[in-house]
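Features of the protein shown, as given by TrEMBL:
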| type | residues | note |
| --- | --- | --- |
| ACT_SITE | 2 | active site, nucleophile |
| ACT_SITE | 602 | active site, for Fru-6P isomerization activity |
| DOMAIN | 2-217 | domain 'Glutamine amidotransferase type-2' |
| DOMAIN | 283-422 | domain 'SIS' |
| DOMAIN | 455-597 | domain 'SIS' |
Ligand code: M6R
């Protein structure tokens, strides 16, 4: 993953590079570093851990120079130590790298045999040495980079700095995003438009295989065949202001509480309340021709897709295949030409999902994308762009992006159902009404915040936690478990309630809290039977249901959380709230780093 910024500036760059890294911290926070070139020498500061550590170093020992590169790291090759922190320097070359050089081992062996000394365990340092060797053998920076790039396998975005050519940075991309920015008398390079937003709104996205020579007064882009090319310069529209926590203790908490507003905001683009109709953005595609939908995503976005599978099949009677993106293209899925493939992502940059999207396009699929970052690669590569309007999501644990994804997917299910002739006008009007009720129902769920905080002590000491649900509450159980494990580090699993007896029931004893998501309805009795099976083995149940469900099955639970009674279509949006709050309060009780949990990054741009 990792984030990259580079500035060929008119004045000191260290502070601005640091600010750029702050905006890229969502891509990783294992270590960070900045390197400038000044008077024919590199100056470098690097620090382990969060960016604040680098800030302290910069305060203690200022970094000079008006040309520099910077990096925030998510460790792949080598532990998160200072030695492994970027920028890496090899003789006359410094670099920062995002991605993985898959053939680094033979390249490293070759360079060691050539007498070169390595100072880190990273794959990235190999590239610095390869380019340094070319420069030391008399090649210009551009010649050296052009020689080395074809030797690299894998996915990368790289920025190079040259000791003896202090007026330029060279950037290159293959499989990881990189953007160049145009300023007044200075130019930039960054992992995304957001990193560059305070510096410039005029940007160009490099395409696969592109590399660019960035100087103060020019940016020359080359394609993978080393031919000079022009890439369109666009207004990025990325927000230049810093997102603040306001009165909340954590971004995640703020984002959980923002949900009613952002869900309402998102739904505004997908329903026409006065006409009682669901609507999609304008695009030239006839949904009635869709006979199968392939959904692909990762993590929380994948669980949103799993919920959508229930809806698409139930309302539109259209069969759905769903895959986690990292499996999709490698299992060689059978895709009928002309099919619809739907990709779901908060960031729009997740490497696995992006690779799956490109694979689906090669297989002749129409590409629909539900995405939160409008400037992202996926947004740009979509045929049918279905934006969520959650606003920037900072907490690594996805919350508001998830419920906004669900809102869009519910509207898409209704659109598909209408296009397939499965929805009468009255039924559509009814769905629109229910969707409009969602923000208020989520508000009611949020009112249980204090009660849920009071339940944290039931879960915080546990080693294992199970989440159970049926129907669309099964993916919600998976999502609840993911939320808990990623921010509280407690082992948690989500199961289809009826599947528990086929194995996981062996885990149940009086130390295992079992969180059951069960709105009253046709599946409720079945889930209650599964609860009895848990109870009979001493399991401690926290039941999340509506008043009817709690009246029927609440007795004997260690705690209950009452949700408003809602239509099944919006239940997942509402039931997301208590599982998010529970995970949040358990993490706070355990004292973990809620917004930046260990080992994770907000945007996962490596495969
Ligand atoms: O940006 P994306 O939605 O593509 O990200 C997918 C997952 O990496 C993401 O949902 C991850 O699982 C979250 N940390 C979950 O809270």
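A Cβ is built for glycine as well, from the same backbone N, Cα and C atoms used for every other residue.
Curation does not apply to TrEMBL; its annotations are automatic.
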Residues of the domain 'SIS' (283-422) by DSSP state, where helix covers H, G and I: 65 helix, 26 strand, 49 coil
Non-local Cβ contacts of residue 2 (active site, nucleophile) (under 8 Å, 6 or more apart, same chain)? 27, 28, 71, 72, 73, 74, 86, 96, 97, 98, 99, 191, 605
Listed in sequence order, residues with CB under 8 A of the residue listed as 'active site, for Fru-6P isomerization activity' and six or more positions away: 26, 27, 347, 393, 394, 396
Mean per-residue pLDDT in the domain 'SIS' (455-597) works out to 95
